[in-house]
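See structure below.
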Amino acid sequence: MPTIKEMLAANEQWANDIKEADPQYFIRAAKEQKPELLWVGCADSRVGPDQLIGLPMGSIFVHRNIGNIFATNDLNCLAVLEYAIDELRVPHIIVCGHYRCGGVQAAMTHSGIQPVDLWLDQIRFIYQRHKDELGELDKMARWNRLAELNVEAQVHNICRNTVVREAWKRGQEVNVLGLIYDIHDGRLKQLGLEFRSQAEWEAHYS
Ligand SMILES: [Zn+2]
């Protein structure tokens, strides 16, 4: 881990490099942000979005928490979604989970009353809903499959949110999709979940 002095030196170098390559960069950035993507991902330090999908800084509006949960009763999640859609008019939303997620594992293996336990209850409910399917898998496959089912549930939570439904109703582009990241090989995989309208989403869940 570098010292704070080294981090500040690295920052200065970075800012100088950017300015040299693109003298207008910080002038543009200071005016406004125009992200093309809202990323809902896990807080896991190995799953930062910028490098995973190779988008330049300023392209992604980010929300991360333990277990990449879009909690329908969490003011933070709701405010991020509302601001992304109604103010920034972000056209794409990605929910990205990952295999070997510590949050998913904790939800599978124990429960309790600490804040992390209570937060992860939301994944425990998903586990309960899919108990039959998950019960037939071995430990590793069950862990991975629950990470996928969690992404699906969070995509669902976003699509049924009033902000998204109203945006679709007025014809605003909102494309919601689910991805899973494999920490072993750095690859992202699409989960066959992609919704561009209320009709597409309803057709999938009916
Ligand atoms: Zn995680």
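A Cβ is built for glycine as well, from the same backbone N, Cα and C atoms used for every other residue.
Just so you know, TrEMBL annotations are computer predictions that nobody has curated.
Not measured: the values here are computed from a predicted model.
Classification of Cys101 (Zn(2+) binding site) by DSSP places it in coil, neither helical nor stranded. Residues or ranges marked as Zn(2+) binding site in TrEMBL: Cys42, Asp44, His98, Cys101.
Those residues of the chain, other than Cys42, Asp44, His98, Cys101, with a C-beta within 8 angstroms of the mean position of the Zn(2+) site C-beta atoms are Gly41, Ala43, Arg46, Val47, Gly67, Asn68, Gly97, Arg100, Gly102, Gly103, Val104, Ala147, Tyr181, Ile183. Under the three-state DSSP scheme, Cys42 (Zn(2+) binding site) falls in the strand class.
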